[in-house]
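Record features, source Swiss-Prot:
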type	residues	note
BINDING	220, 221, 222, 223, 224, 225	NAD(+) binding site
ACT_SITE	240	active site
ACT_SITE	274	active site
């Protein structure tokens, strides 16, 4: 809907407030031909970005960060209305976004090749942009996850085609207005950045398949990620997908700290986080104590209006999502799971649920993407390790222990892209490498690592000089 520096404004798609279920905006839904046009515009302008020197890319990114910083309250409120995230969590997302743009700016000046030793030739490498980056983003972090794609893309001199989730595109529209303003002030062709709103089956599908997209960065479900992987036509891809992330609690750990961490990280954004705790695996000697503390902490949580400062959990993104979670809880119970607290649904709201399950239960196998905290018993640390690794996913894992030898054992043997010791798998810093193995994804995010992914290395050999 923002293509070649122009806004395409229609009322094709109703966007609902997840909490009130009222229409907050009617936006443009691009068709396939319009999406192709956006990609063509980015292709025509990729040399504009390539020719921007690192200092100008740095300035561009820093100015975007400055403008967001000057509109913190606007962006935080927009996130909360857009996706139902509690306002105190939305403010954290805005701060992280500012940091991510500033990190991207710093790495714009850090693109370096190397010199290759040779007796008779001069051989060196140089970093060049891939050309056009397609960014497909989910609803759950509608500002920061966009930044993790477009920040490195701009830093490396690429043109961008952004497609935000059709469930929550309003934050992306506000961000695009900031980028439009900065590009205009810096006299940079606005066709270097294009926003494509609409249905993923059309817009996202075209971005994934179009051969003029040189690099595709996607965050979303495993099912869609697998389809993209099969249809990406040899383009470079980074897929940040889902998981069932284990949190392991050994008997020698600080049980109170582990319980508080499990509850806080599981119910962040109502469990709609790709690195949310999928299950807690607890050594049986401390299972009762841990479970009791988890229930105590869960009872303290406030469910309600995301704009209320007291709210800890807001709604899920749609009533259908809440219904899916409710059905998943019932399925778990039918398989022998014991519901200890919560699980009550009203429209898009669902109260935080804690269940006791065994390792064959559905909640031990799937990504719930909702406020469900399953707890499993392990006979010993080896059993806990086996349960954790018995998964098709491999995004992040957490382990609580006060034994450094056990910490290192789990760090080495857990089959996950990241292992967090004495913390939950939900931990993430914007400058650390982030990405899973197995069905949880391909490639790495994190500003520095995304910058590396969005470059090509060119080798230059000079003879007879």
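A Cβ is built for glycine as well, from the same backbone N, Cα and C atoms used for every other residue.
Just so you know, the Cβ of residue 225 (NAD(+) binding site) picks up 23 other Cβ atoms within 10 Å once every protein chain is counted. Residue 240 (active site) has 274 nearby among the recorded positions 223, 224, 274, counting only those with a Cα within 10 angstroms of its own Cα. With respect to their backbone Cα atoms, residue 220 (NAD(+) binding site) and residue 274 (active site) stand 8 Å from each other. Contacts of residue 222 (NAD(+) binding site) defined by a Cβ separation under 8 A and a same-chain sequence distance of 6+ are given as 241, 242, 367, 393, 439, 440, in order along the sequence.
Between the alpha carbons (Cα) of residue 225 (NAD(+) binding site) and residue 274 (active site) lies a span of roughly 13 Å. Take the mean position of the Cβ atoms of 220, 221, 222, 223, 224, 225, the recorded NAD(+) site; other residues of that chain with a Cβ within 8 Å of it are 226, 227, 228, 241, 242. For the pair residue 224 (NAD(+) binding site) and residue 274 (active site), the C-alpha distance works out to 14 angstrom. Here the C-alpha separation of residue 274 (active site) and residue 223 (NAD(+) binding site) works out to 14 Å.
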